[in-house]
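Visitor: Mind having a look at this structure? Questions to follow.
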């Protein structure tokens, strides 16, 4: 599955993280 930075960021923010980005096609969230 492809990882889209915008979708990842929205998903992470919705879970209470400050941001997120794609690394090796996986969404990683940041505090």
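Yeah, the Cβs are placed from backbone N, Cα and C, and that goes for glycine too.
The annotation disulfide bond is assigned in Swiss-Prot to 3-22, 8-27, 12-29 on the grounds of a curator's inference. According to Swiss-Prot, the site 'Crucial for toxin binding' annotation covers 9, 11, on the basis of a curator's inference. For 21, the entry in Swiss-Prot reads site 'Basic residue of the functional dyad'. Residues annotated as site 'Aromatic residue of the functional dyad' in Swiss-Prot, with similarity to another entry given as evidence: 30.
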Visitor: In the three-state scheme derived from DSSP, which category covers residue 8 (disulfide bond)?
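Guide: Reduced to three states, the DSSP call for residue 8 (disulfide bond) is helix.
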Visitor: For residue 21 (site 'Basic residue of the functional dyad') and residue 27 (disulfide bond), what Cα-Cα distance in Å is obtained after rounding to a whole number?
Guide: 6
Visitor: Cα within 10 Å of residue 12 (disulfide bond): which of the recorded positions 3, 22, 27, 30 qualify?
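Guide: Within 10 Å of residue 12 (disulfide bond): 27, 30.
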Visitor: Sort out for me which one of 12, 22, 29 has the most neighbouring CB atoms within 10 A, since those are the disulfide-bonded residues we care about.
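Guide: The most densely surrounded of these disulfide-bonded residues is 12.
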Visitor: Going by Cα-Cα distance, which of the recorded positions (11, 27, 29, 30) sits nearest to residue 3 (disulfide bond)?
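Guide: Considering only the listed recorded positions, the nearest one is 27.
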Visitor: So if I measure Cβ to Cβ from residue 27 (disulfide bond) and keep only same-chain residues at least 6 apart in sequence, which ones fall under 8 Å?
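Guide: Correct list: 3, 7, 8, 11, 12, 20, 21.
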Visitor: Just counting, how many other CB atoms are there within 10 A of the CB of residue 21 (site 'Basic residue of the functional dyad')?
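Guide: Around residue 21 (site 'Basic residue of the functional dyad'), other Cβ atoms within 10 Å: 14.
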Visitor: With every protein chain in view, how many other Cβ atoms are within 10 Å of the Cβ of residue 3 (disulfide bond)?
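Guide: The Cβ of residue 3 (disulfide bond) has 15 Cβ neighbours within 10 Å.
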Visitor: If one measures from the C-alpha of residue 29 (disulfide bond) to the C-alpha of residue 9 (site 'Crucial for toxin binding'), what distance in angstrom results, rounded to a whole number?
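Guide: So the alpha carbons of residue 29 (disulfide bond) and residue 9 (site 'Crucial for toxin binding') sit roughly 8 Å from each other.
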Visitor: Within 10 Å of the Cβ of residue 9 (site 'Crucial for toxin binding'), how many other Cβ atoms can be counted across all chains shown?
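Guide: Other Cβ atoms found within 10 Å: 19.
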Visitor: I'm trying to understand the geometry here, so how far is the Cα atom of residue 9 (site 'Crucial for toxin binding') from the Cα atom of residue 30 (site 'Aromatic residue of the functional dyad'), in Å to the nearest whole number?
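Guide: Taking the Cα atoms only, residue 9 (site 'Crucial for toxin binding') lies 9 Å from residue 30 (site 'Aromatic residue of the functional dyad').
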Visitor: Which of 8, 11, 30 (the recorded positions) has the most other Cβ atoms within 10 Å?
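Guide: Of the recorded positions 8, 11, 30, the most buried by Cβ count within 10 Å is 8.
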